[in-house]
Each structure stands twice: as structure tokens, then as C-alpha cells.
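Report on the structure given below.
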Amino acid sequence: MELDKRTAALLTAAACGVGAVVVLVQKVSRHQEAKKRIQKATNLRTESLRRAEQEVLRYKQSHPATSSANILMLSLSELTKQLKDGSLSPEDVFYTYMEKAIDVHKKLNCCTGIILESFEQLKTIHSSKEGLLYGVPVSIKENFDCQNHYTSCGVVINLDQPIQEDSVLVKVLKSQGAIPFVKTNLPQALLNYDCSNPIYGQTVNPHNLQKTSGGSSGGEGALLGGGGSVLGLGSDIGGSIRFPASFCGVCGLKPTAGRLSSKGLKTILPGQKSVLSCPGPMAKDVDSLALFMQAVLCDHMFSLDPTIPPVPFNVQMYQSRKPLRIGYLENDGYTQPSPSMLRGIREVKALLERAGHTLVPYKPPRIKYALHELIVRGVLADGGATMLQKLKGSPVDPALIEQVKPYYLPKWIKKTMSFLLSPVSPRVPAVLSAICGFRSIPELWKQHAAVEDYIHETIAEWRRLDIDVLLCPMLGPAFNFFYCSRLTCAVSYTMIYNLLNFPAGCLPVSTVTEQDEEELRHYKGNYQDMWDRHFKKAVTGSVGLPVAVQCVALPWHDELCLRFMKEVEELVKESRK
């Protein structure tokens, strides 16, 4: 019996040892496979940049008279006009922006690769002269499918094979004469408003290399802010167009979800319906956003994707000058705005009032409930399991690690921590509880119904106040590195409109002043908790960086949202004169 016990113990120890070795070998194997995939993707990027540089050099040598500086100064509307009347050639414009994009990428690391097929498209572009975007180079966020290119969403598991077909919006852009010429960087797994991943690295801010460009459309924001693109295609599930637009000093529109086709737009949580993702444009001015919408809201898109309502762009609504009744929000009660955010809102409010518009105070209903129970619990209904599955076999990026750490904890630990922290922390316990997700399908259905109720409750509040649009703060200025993953709470000003499915746009209105920086020293926050202290640190050292505001309208009133943005843009320009 003693011998049998010893044998059993030895066999058990051996089995455990073999098991440990197998696990270790598998881990090493996955790590090696991840390294190979990452190396292959980065090699493809390097090669595409090298080939594009060679093509640009050849063109410049054979066309020395091309005035690149003049081309880069033109707005999109001016550019399209000169391309149409023939005073500019598509070739001059294309090679000018290709050269500039490569130059900006070298400084900011904003591109995941050149779309080399664009050189072939350029040869046949004259057949698309009737398109509204004829000859315009357009940058494309990496999570839009482009034939023969990866759509990784920043995770290694998606680097299996190149895509076989363009997304609907890429097809429509091409049919309107645009030339998709570069794909741009994004954060690992998309659900983060920094812009870094283990495949392509960290994208930095064009106005301050020690700041993030924002995300998830951070490559787009950086490239546009650095002057390397005149029009970009991004996507937004919680502010992913608006954050980089704010941080990098450009304009961005999150349309009503369902207004533009999402076919061929990859997300990290397919099937998640509580908070809707959607594509949208980014550019240097509001007219460019409007032109993009006018171009893609066409019969070709409605034919390629019949799930999109065939409603063309309402030019009359965009060009209207009727005085508006505008709700305004200074503090949502959850995230206290930075001094520059608050100043931006107050200055724009004063300009709008002087222009004859009526401004009405507004507060979002039940903001804590909406954020914790509808947004966080809805997006992470599975407790984060899908996102963690996507991260398997890949190193977790330093810009994401703080955000996903709690996802790895067992539910009972999260619930216990939530209970223990309740007496001492006002927000962390509610978020810990929310990221546990749902226990059953009936619970999820109940939450979906609650989302619908909240949308109607918010619309009823708009009706009670009789407001046409809403002016509210836009998170900023650009964060210092690694704070985005520690401050998921700060999405309160943006993600609420993804939940509501209201169109929302962002545009720059000012820059951070020395006085803003001085006032930041006295920042306490609405809760005076750990997150408020992090927020103060995140935005320090920002003098000279862009300050933005956000403009919001009711669902399917995207043109009214753009009209409101245009009004703000014009008033700010006039005030600077």
C-alpha cells in the first residue's frame, strides 16, 4: 500500500509536470505565432510605404512644377471645384497628399499601410468625373474592409488573411470619384479612446508628441490634424470619431446609426445592440463633412445595402438659417469638465445668443443610471468575455491594460469588491457591478427595453424644453499617455449619444490658455474620487492644444446637426476676426 501511494504520488506529480510543460509550450507557441503575424503585418506596412515613396519621387521628378503647398492649403470644397473645372489634376492632388501622408506618418505613426491599389485607380479616375468627390484622396480607418488588406481592429487574432472585398462605404466612395489611399491606426480591440496596439504601435498627437491623438479613430485624427489627409472615414461607438477630432483639432460627425452602411465595418463586439456603432466622416471643416454625407447618401449605397433607408442628404435643412432654440449643458453631473471645456461652451453660448438664437439650460436625465446600467452593462453584457477572447494569443497593449484588468476577475470577486467599496467610493462599485454583465437572456431583454424607455424619456425632455439641438462639452484637451484606459468614466459626454442614437458632431472652437492651465490646479471633480484625480493629471500640460464643443440633434436629423455645427464654426471664425 505504501508503494502504491508513492507510485500514485509520483504519477500525479509527473502528470502535473507534463501538464505544466504542455501549457508552457502552448503559451510559447502562441507567443511565437503572434510575433510572426505582427512581423508580417509590419513588414507589409513598411513595404507599402517604401513603394509609395518611390512612386511619389518618380512623379515629383517628372512634374517639378506641381505646387504642393497650394494644394494642401485648399479646403475640400475648393479642391473639388478645381478638380472639376480642370485647374487641378487628380494626379497632382493625389501625389501631393500621398507625400504629405507619408511625411506625417513618420512623425506621428498614424498609418497602418498605403492602399497601393490607389495608384491603379488613379489611372482610370477620369471615368468618375461626375462623382461629387472626383479625384479626392480619402483616408480610411483600419477597421473598414479594403480588398487585399488586413482588417485587424488592432488584435493579432484577426491577422489571419487579407480581406477579399471592399466595405460598402469604400465602394461608394470609389463610385463618387474618391481615391481611398491609406489606412489609419486604431487602439487594440477598438473599445478605447487612446490609439495604440501591439501590431502598429502608438499614434501621437500632431500638436504635441507627448499627448495621445485620441481614439478609436485616432490615426484619422492625427493624419487630418497633421495635414496628411483632407477627408477621412472613421467609426464611433462611444466617441471614437469625436475624441480624436477634439484632441487633434478637426471636425467629426457621428451620424444616426443606420443612416450609413456598416456592411464591411468590423467591430470587436458584433451583435451587441445596447449601444450602437456607426461610420462617419472626419475633416478639417464642417462643409467637408456635409459634402461627404451628400456624396455617400446616394442610390448606389442604397442599392448595395438595402437595410439603409433610401433618404438622400437634405441640402435645404443644412443651408437653413432659421433661428434655433438650443439646449446647453455645462456639466453633466458625472464628469466635471476641464476649465478649457467649460470656457469653450460658455464662449460659444455667448456667440449663439448674440446671433439671435435662444439658449435653454439642459441636464441629461438619470446620467449615472444611463452610464452604469444601460451603457457599461449593455456593452459588456457578456462580462467582457468576447473582448477577452479577441485578445487571446496577443500581448495586451500598455494603453489598454488598466481598462481590461477587471474583466479578467471572476464575477464573485467583482461583486465582492463592489460591495466592500460601496461605503467609500461613489462610482467604482457601480462600474464593477456593471461589468459583470447579465446572468440570463431575460435580463438582457429587460435591459434592451430599458434602453428604449430611456431614449423616449430623453426625447420627452427635449420636447418639454422645446429645443431643436443641444450644445454640450466635448472631452478634452488631449490626454497624456496611458490615462484613457484609467478613465473610461470620462466617456459620459459622448457615449450617451450612441446609447440614444442621436447624431452628434464635434468641432474645434479655441485652444487651451495659460489661465485654463492655472485654473486646472484647483480642479476637484464632481465626486473628488480617484477618477477625478486621474482626469486632472490626464489633461495637464496642454497649453495651446485644441478645445472643442459638441453639437447634437434628434435621430435622423443629421443635416440639422451639421447645420448647427456650421453655425458655430462661422460664429467662431467671425469672433476671431
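The backbone N, Cα and C atoms fix where each Cβ goes, and this holds for glycine too.
In TrEMBL, annotation is done automatically, which means it is predicted and not curated.
Residues belonging to the domain 'Amidase' (95-562) score a mean pLDDT of 97 in the model. Positions annotated as domain 'Amidase' by TrEMBL: 95-562.
The active site, charge relay system annotation in TrEMBL covers K141 (among others). The Cβ neighbour count for K141 (active site, charge relay system), using a 10 Å radius and every protein chain shown, is 28.
Long-range Cβ contacts of L190 (substrate binding site) within its own chain (separation 6+, distance under 8 Å): N143, C153, G154, S216, I237, S240, T267, I268. Per TrEMBL, the feature substrate binding site maps to L190, S216, I237, G238, G239, S240.
The active site, charge relay system annotation in TrEMBL covers S216 (among others). Every protein chain considered, the tally of other Cβ atoms within 10 Å of the Cβ of S216 (substrate binding site) stands at 35.
Every protein chain shown contributes to the tally, and the Cβ of S240 (substrate binding site) ends up with 36 other Cβ atoms within 10 Å. Residues annotated as active site, acyl-ester intermediate in TrEMBL: S240.
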Residues satisfying Cβ distance under 8 Å from G239 (substrate binding site), sequence separation of at least 6: Y193, K254, L475, V491, Y493, T494, M495, N498
Surrounding CB atoms that lie within 10 Å of the CB of G238 (substrate binding site), all protein chains: 25
Spatial separation of G238 (substrate binding site) from K141 (active site, charge relay system) - C-alpha basis, Å: 16
Other CB atoms, at most 10 A from the CB of I237 (substrate binding site): 24
